[in-house]
Amino acid sequence: MTRIVRRLLYALALPALLASLWWLGSRGSQSIYAPPLSTILSVTDDVWTTDRLTRDVLPSLLRLTGGYTLAALAGIGLGVLIGTYRAVRALTEPVLEFFRAVPPPVLIPVIMLFAGIGDTMKVTVIAAGCVWPILLNTVEGVRAVDGVLAETARSYGITGVSRLRRLVLPAAAPQIFAGLRQALSIGIILMVISEMSAASNGLGFTVVQFQRSFAIPEMWSGILLLGTIGFLLSVVFQAVERRALAWYHGLRASKGSG
Amino acid sequence: MLDVRGLRKIYGGHGREVEALRDLTFTLDPGELVCLVGPSGCGKTTLLKCVAGLLAPTSGEVLLDGSPVTGPRPGMAVVFQEYSRSLFPWMRVRDNVELPLRQKKSLGRQRRHALVEDALEAVGLTASAGAYPWQLSGGMQQRVAIARALAYEPEVLLMDEPFAAVDAQTRAGLEDLVRKLWQERGMTILFVTHDIDEAVYLGQRVLTLSASPTVVQDELKITLPHERDQLESRADARFAELRTHVYAQIRAAGTRPAPTA
Ligand SMILES: Nc1ncnc2c1ncn2[C@@H]1O[C@H](COP(=O)(O)OP(=O)(O)O)[C@@H](O)[C@H]1O
Ligand SMILES: [Mg+2]
């Protein structure tokens, strides 16, 4: 119990300090661009009403979920394929390197041409940006399956779907999760950016609207909300990862101690 | 039962060819426990993989019950030296043992579970069924691998230096375990080792391999009593004679055996 309290104190100390500094430093600020934190917080309740949450925040999160899920499915699926077959790898490697080097926001104007400015465009942009870390990490993970383990599986006739489910995917899981984690931050960034350039709702859209109409405290409150959402998503992700990879963390700890 | 005929294996590629096995011929009768001993790097693992159908020989053939082995067969199970890398770290002990059985479609759930329980009991790991492999000691991990092989009910059990990486005391216990399981279950065992004492202690017969290019240098019937005991058997004058014979054969083949790990 005391350990949990202590960890909580450690985790909260720095954010609390930074918030206090902001609060004190911005107290009585006359700059319209950097209003006092107290002002920002006081508008928060009024700005982020249930109505606004369903109208702007929910669509953003749905698009993120859609794009991210698509990227995960495509990235893991193709990654397993490319990681398993040498010929596929040789064929696709140069192309992959090229696409990976293209910064995802550049895709927005291109994708707009094909998919318009609706949800399809945004989901596509998010998926197109998220897929690379997942894909490349999956390829790495699949390639690194232990030789002895693979041979054991083969000697017991574990092939096909069974091999994929019981050997390849679990063995690559730590790498796949590393890719999923990178993709999550990319996804959040693209969610916002895609809404900034062309949208009629969403978090990014709302923040830009506030900025254009000089509703500066409201704009800041949107940024704070974005940060909070990113933080919560990352907490959820870590919890899922810790559960799914419990064996991996245990294995590493046991190697470290012995 | 198991016929190895004129087996030859050359590892190729990249301009450098390695002749791991030159010409190996030997036979195992049903229910026999045969030890194969040879210096490190002489091709023991290569031979075992060819026998298991994991590796295609360059020439020659392996016959199990008269039919050629061209790939892994349900009648054979392999226990590798690297126990920590041959168990699935994301599965508990019980699931590790059960996994191969899921491939045998004819087995029902109940039968599968019975086989798993039985195998774990035979190696004395019933209490650890719910643990992950990495929570166990090296010797226990290798017993899990043995249990997995047992549950698979193979006719032929292939073991590749299974105890080379565990400490001496654990090793003695595991050797006795292999003898016990062999006597109880009557399967055919091909046990590969670089340790002459281990080969003589365990086997009914010892095949000595030469150093590379590898051939069968010698074949020796082990005339020790059927019931073996770590202290008595090793103190037996015949044991000393037999091990000296094997040692001389290996030396005659041109290379000293690797020091015991
Ligand atoms: N995949 C491989 N490719 C090329 N050479 C190999 C390969 N595996 C083993 N060898 C070589 O074959 C010889 C026999 O190896 P191995 O069967 O592992 O011997 P042992 O198990 O008796 O120590 C060694 O010289 C080794 O370097
Ligand atoms: Mg070897």
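Glycine residues also receive a Cβ, built from the backbone N, Cα and C atoms like all the rest.
Just so you know, TrEMBL annotations are computer predictions that nobody has curated.
According to TrEMBL, the domain 'ABC transmembrane type-1' annotation covers A:57-241.
Residues or ranges marked as transmembrane segment in TrEMBL: A:66-85 (among others). Cβ atoms under 8 Å from those of the transmembrane segment (A:66-85) belong to residues 92, 96, 119, 122-143, 164, 168-169, 172, 176, 179-180, 183-184, 187, 190-191 of the same chain, restricted to positions at least 6 beyond its ends.
Among the features that TrEMBL reports, transmembrane segment is placed at A:106-135 (among others). Same-chain residues lying 6+ beyond the ends of the transmembrane segment (A:106-135) with a Cβ under 8 Å from its Cβ atoms: 59, 63-64, 66-68, 70-72, 74-76, 78-79, 82, 96, 99-100, 176, 178-180, 182-184, 186-187, 189-191, 193-195, 197-199, 202.
Per TrEMBL, transmembrane segment is recorded for A:184-208 (among others).
Look at TrEMBL and you will find A:220-240 (among others) tagged as transmembrane segment.
Only residues 6 or more beyond the boundaries of the transmembrane segment (A:184-208), in the same chain, are considered here, and those with a CB under 8 A from a CB of the stretch are 52, 55-57, 59-60, 63-64, 67-68, 71, 104-105, 108, 112, 117, 121-122, 125-126, 129-130, 133, 219, 222-223, 225-226, 229-230, 233-234, 237. Beyond its flanks by at least six residues, the transmembrane segment (A:220-240) meets 35, 40-41, 43-44, 47-48, 57, 61, 180-181, 184-185, 188, 192, 203, 206-207, 210 of its own chain at Cβ-Cβ distances under 8 Å.
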